[in-house]
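First the structure, in the form of structure tokens, and then the observations on it.
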């Protein structure tokens with residue numbers, strides 16, 4: 001009895017611990033919890049039983065001092081000369097019934113799995129065991145609750161088809177709506193729009209497969225990016241294109257192709273030379289968030305201004321998309337209603353033709369209603385009847401690209417913005433598909449491949465560069481499909497649809513007002529996705545709030561000054577009001593001795609995303625703030641990642657292609 005009582009802690013000054021003290025009614029429960037944590041086995045049968053009830057144990061333990069609970073909760077007490085040490089693990093304890101019982105093994109340490117690199121937090125800031133400790137673990141990690149199929153999973157044929165198709169359906173707005181805005185702005189016909197849409201489908205499928213094989217290998221769709229839309233519209237409205245009357249679509253497209261190829265080449269250099277690895281040190285959620293949000297906010301002058309040309313159908317389309325949260329379904333319902341209204345003559349005005357421009361109409365009545373007819377009716381486009389069933393988009397289909405250094409320099413800066421947007425998508429998607437964040441080498445490799453994709457987009461003539469579609473991350477979270485095989489299946493489907501000319505013509509026949517309503521939803525979601533990057537940082541930080549607020553305000557205020565500079569109500573009457581902000585290159589406030597310098601500076605300083613990026617980048621890297629407060633992206637270490645087989649299977653190039661590119665630093669891990 002004396003030996004057992006010696007095991008109980010003597011009254012002494014309590015030591016504060018992280019846990020609250022036990023309640024007074026159950027003083028015997030605490031020694032048992034301490035004993036379980038430390039492996040202590042008492043020789044007294046009453047203390048070895050799981051029950052803390054003294055009357056049923058057969059042995060009444062000594063009363064415990066009042067100060068003891070706080071001390072026991074702070075951890076095991078230090079050894080004292082008069083205390084009885086617990087027996088070694090190999091020794092056997094004798095239970096109250098006389099049987100020998102082996103002491104339980106010490107509590108197992110929690111195994112750190114390969115998908116806990118972020119420490120259970122999205123920004124990976126909690127301290128975790130380093131990667132080398134995981135090199136011998138070959139078993140599959142525990143599947144997170146937020147994903148059904150992980151990166152290397154192979155779903156069955158039915159899930160592959162369903163999820164692959166659903167993945168692209170949810171992003172159809174990002175893939176097809178950009179040509180519906182750009183081609184009419186270039187003076188192209190409905191047939192030209194159908195051809196560009198088919199080209200976009202081909203290039204999107206081709207670039208997605210390219211990124212899956214030699215890029216980051218994450219399930220990310222590479223398609224036309226809204227980042228390139230605003231600078232493309234600025235180039236379209238350049239002063240040298242004013243007054244074109246014949247073949248203006250192909251003439252402008254060739255200049256766009258040249259600028260896109262230059263910007264893509266710069267992005268290739270940024271990725272494959274290792275410059276992107278250095279640039280990653282300056283990029284974090286506080287920089288990415290206002291930059292991406294400014295991309296969506298930059299088109300506020302186009303959205304409702306265009307939607308208002310047929311206000312009832314535009315509002316209905318917007319409501320349908322919000323209610324059903326799916327672009328194709330909302331579009332189908334509204335399109336059917338517009339078809340019925342057109343067939344019943346609601347949008348018919350006697351003696352007026354929607355295909356005749358308002359400026360060519362003699363009748364004042366027709367001039368008043370021709371814009372409404374063109375926006376509301378579903379039969380104004382004849383592309384579906386005139387387009388061929390099969391048409392294969394080919395490189396240089398619009399002619400030889402025209403290279404201009406001033407337009408190319410604008411696209412080089414924009415390619416940096418696109419890279420920043422893609423970096424955030426790499427980090428977020430890696431967490432959604434339950435793998436470790438990529439290394440800086442994998443990120444650089446992905447940016448290099450995106451540059452190659454942009455060059456291909458310029459050669460084929462999509463009108464904009466190619467980049468990771470930001471909505472892709474949201475789609476992965478909603479569908480819970482992280483398998484890259486499903487995304488690859490969808491890419492192959494796009495390749496097949498691209499050669500069917502009627503598909504592009506069908507998309508080109510969407511009424512303008514429905515396109516504007518869909519874009520209002522897409523740009524709003526893009527803005528929300530940009531701001532959601534703040535969840536990786538300390539969202540309650542006043543430092544971060546001030547930086548993001550200043551960046552967003554500056555991104556709206558500074559470009560507004562450039563876009564409205566020297567604008568007169570009667571000037572540029574031939575340009576629609578929603579395209580007025582993009583003619584700044586011809587009348588901006590910057591006036592130097594070089595016309596090219598004026599063009600570049602006036603254009604760049606009128607782009608909302610450029611201003612947001614510059615303000616956020618400078619402030620975040622100069623205003624003091626801790627790593628946790630800033631939410632710095634944590635990338636996997638290259639040398640440690642190479643010793644983990646699971647990481648190698650996720651990101652290593654297939655068919656041992658990495659061996660052929662060992663001389664390129666950033667192609668490997």
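Cβ from N, Cα, C; glycine included.
All annotation found in TrEMBL is predicted automatically rather than curated by experts.
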- Item | Which listed span TrEMBL calls transmembrane segment, if the choices are 513-534, 623-644, 645-666 | 513-534
- Matching range for TrEMBL feature annotation, transmembrane segment, among 317-341, 342-366, 367-391: 317-341
- May I ask you to indicate which of 114-136, 137-159, 160-182, 229-251 is given in TrEMBL as transmembrane segment? 160-182
- Task: Look up transmembrane segment in TrEMBL and report which of 444-460, 461-477, 546-562 it refers to.
- Result: 546-562
- Query: So, do the transmembrane segment (513-534) and the transmembrane segment (160-182) meet, by the test of 3 or more Cβ pairs under 8 Å (sequence gap 6 or more)?
  - Reply: yes
- Item | Segment proximity, the transmembrane segment (194-214) to the transmembrane segment (486-507), 3 or more C-beta pairs under 8 Å | yes
- Message: Taking contact to mean 3 or more CB pairs closer than 8 A (sequence separation of 6 or more), are the transmembrane segment (546-562) and the transmembrane segment (599-619) in contact?
- Response: yes
- Item | Of 160-182, 194-214, 256-280, 317-341, 599-619, whichever stretch has the most CB pairs under 8 A to the transmembrane segment (286-305) | 599-619
- Query: Can you find at least 3 Cβ pairs under 8 Å between the transmembrane segment (194-214) and the transmembrane segment (256-280), where each pair is 6 or more residues apart in sequence?
  - Reply: no
